[in-house]
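Asks: Before I ask anything, let me first share the structure, which is written out below as structure tokens.
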């Protein structure tokens, strides 16, 4: 589970709460299914990302199965600060999962925002925003049973159609001892509609713990604008970082050195081909022509990808 796959350059481990109190906007890599794994986290950390989340892990499977633990959670000494995101609906199960990762991470995050049907039908994700008492119980359990006072417990939510309910939820979560709240500024029903940054601003003004803004942030300029619009203490990015892992360092599009870094890191980590290739497809989206995409996107082996990158880009 915790294999030292590669010794990456040791970063100075910072308590996530210290980041939020630094006076700087905290730049965060979102939990992304299949994508925000160790190799990608290693890459974005090289390009000014302050805090990384794991992909969402179903806590019950993680606690029950050693196989799930081995496949879902891999880290190393350079992979800090790190937040492990769990899907859970039972307080003790979340607590047991938190206890397993506590020695290797800086906090856990409870997913209360995933709108996918499977998650909601299982009682996970965004359906929890309608169960503030359950969120309270889960957070309290972790707080009471994890001895490390620096271990953070955060939640990631979507907003209600009636924003008063979201404000009430956040105030209750704050009273329970949540470290910070990430707000994706859309309701469960909304997918590609504009993000309600005004709602995030109202939530920020209603509580005193840090708020992280999430949704449709694709460039460093977007991040700065959203910070000014909402007053958020942190900015969480998903697809924007997939398209340009160097985004937080101020690059408008993925620089060739970042592509080279990805190749080196992915090969060192033994990243499966599909994942290795998909990341490159995202990274090269803005810098390749239609014809180049047609050729590159159907390559079917690591050696073919390496030859293509060498021939066309000198990588």
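Cβ from N, Cα, C; glycine included.
Copying in the features that TrEMBL gives for the protein in this structure:
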ACT_SITE  114  active site, proton donor
BINDING   31, 32, 33, 85, 184, 238, 239  FMN binding site
DOMAIN    29-294  domain 'DUS-like FMN-binding'
Asks: Among the recorded positions listed here, 32, 33, 114, 238, whose Cβ has the fewest other Cβ atoms inside 10 Å?
Replies: 33
Asks: State the count of C-beta atoms found within 10 angstroms of the C-beta of residue 31 (FMN binding site), not counting that atom itself.
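Replies: Residue 31 (FMN binding site) is surrounded by 25 other Cβ atoms within 10 Å.
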Asks: What's the most sparsely packed of the binding-site residues 184, 239, counting other C-beta atoms within 10 A?
Replies: 239
Asks: Given residue 239 (FMN binding site) and residue 114 (active site, proton donor), what distance in Å do their CA atoms have, once rounded to a whole number?
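Replies: Cα-Cα distance, residue 239 (FMN binding site) to residue 114 (active site, proton donor): 15 Å.
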Asks: Count the Cβ atoms, other than its own, that fall within 10 Å of the Cβ of residue 85 (FMN binding site), considering every protein chain shown.
Replies: 25
Asks: If you measure every Cα to Cα distance among 31, 32, 33, 85, 184, 238, 239, the residues said to bind FMN, what is the biggest one in Å?
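Replies: Maximum Cα-Cα distance: 17 Å.
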Asks: Express the distance between the Cα positions of residue 114 (active site, proton donor) and residue 85 (FMN binding site) as a whole number of Å.
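Replies: Cα of residue 114 (active site, proton donor) to Cα of residue 85 (FMN binding site) measures 11 Å after rounding.
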